[in-house]
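If you check Swiss-Prot, you get these features:
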| type | residues | note |
| --- | --- | --- |
| BINDING | ASP35, ASN37, ASP39, LYS41, GLU46 | Ca(2+) 1 binding site |
| BINDING | ASP71, ASP73, ASP75, TYR77, GLU82 | Ca(2+) 2 binding site |
| BINDING | ASP104, ASP106, ASN108, THR110, GLU115 | Ca(2+) 3 binding site |
| BINDING | ASP140, ASN142, ASP144, GLU151 | Ca(2+) 4 binding site |
| DOMAIN | 22-57 | domain 'EF-hand 1' |
| DOMAIN | 58-86 | domain 'EF-hand 2' |
| DOMAIN | 91-126 | domain 'EF-hand 3' |
| DOMAIN | 127-162 | domain 'EF-hand 4' |
Amino acid sequence: MDEVPSSDESKSASSGKRVLEQSVHELEEVFKKFDANGDGKISGSELADILRSMGSEVDEAEVKAMMEEADTDGDGYVSLQEFVDLNIKGATVKDLKNAFKVFDRDCNGTISPAELCETLKSVGEPCTIEESKNIIHNVDKNGDGLINVEEFQTMMTSEMTDKSK
């Protein structure tokens, strides 16, 4: 018999999206502070200035390494989307793993269409098995018809960062 998540677990799963949405909004505000000239992107010099103003002793090589990590499109600047992606992926891995456990009802390391549907229904989201299969199909990188923890993290972070575009 499937174990039904407690109301606390269900609240945790549904509140996870709200927390991520709030995080995106907060990151947008931080981004605006980093973006000293207001051009919608952070340059290496803006990053260095803000880090130094916060008391961080960073050298040019460290700033360059930070920029390379964040600047995924290689244009030499960090866009809002890149900034949000970098911060959400690092900050929420533990939260997402905890949310994954709520969906993985049989604790086998994957979420089946039935588990996805049951969990969504338990938090008041209408769902059919067919809809669950479609959701899974969109994020199922390895083609096994299930969602593993990495695919779940990708699904959740892309859903949140899409809202900041």
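The backbone N, Cα and C atoms fix where each Cβ goes, and this holds for glycine too.
Each residue in the domain 'EF-hand 4' (127-162) has a pLDDT score, and their mean in this model is 85. In this structure the C-alpha atoms belonging to TYR77 (Ca(2+) 2 binding site) and ASP35 (Ca(2+) 1 binding site) are separated by 10 Å. The residues near the Ca(2+) 4 site, meaning same-chain residues not in ASP140, ASN142, ASP144, GLU151 whose C-beta sits within 8 angstroms of the mean position of the site's C-beta atoms, are ILE136, VAL139, LYS141, GLY143, GLY145, LEU146, ILE147, ASN148, in sequence order. With DSSP classes pooled into helix, strand and coil, the tally for the domain 'EF-hand 4' (127-162) is 25 helix, 2 strand, 9 coil. Within the same chain, the residues at least 6 positions away from GLU46 (Ca(2+) 1 binding site) whose Cβ sits under 8 Å from its Cβ are PHE34, ASP35, ALA36, ASN37, listed in sequence order.
Taking each of the binding-site residues ASP71, ASP106, ASP140 in turn and counting other Cβ atoms within 10 Å of its Cβ gives the largest count for ASP71. Sequence-distant contacts (6 or more apart, same chain, Cβ under 8 Å) of ASP144 (Ca(2+) 4 binding site) comprise THR110. Sorted by the number of other CB atoms within 10 A, the binding-site residues ASP35, ASP39, ASP104, GLU115, GLU151 start with ASP39, the lowest. Within 8 Å of the Cβ centroid of the Ca(2+) 2 site, not counting the listed residues ASP71, ASP73, ASP75, TYR77, GLU82, the chain contributes LYS41, ALA70, THR72, GLY74, GLY76, VAL78, SER79.
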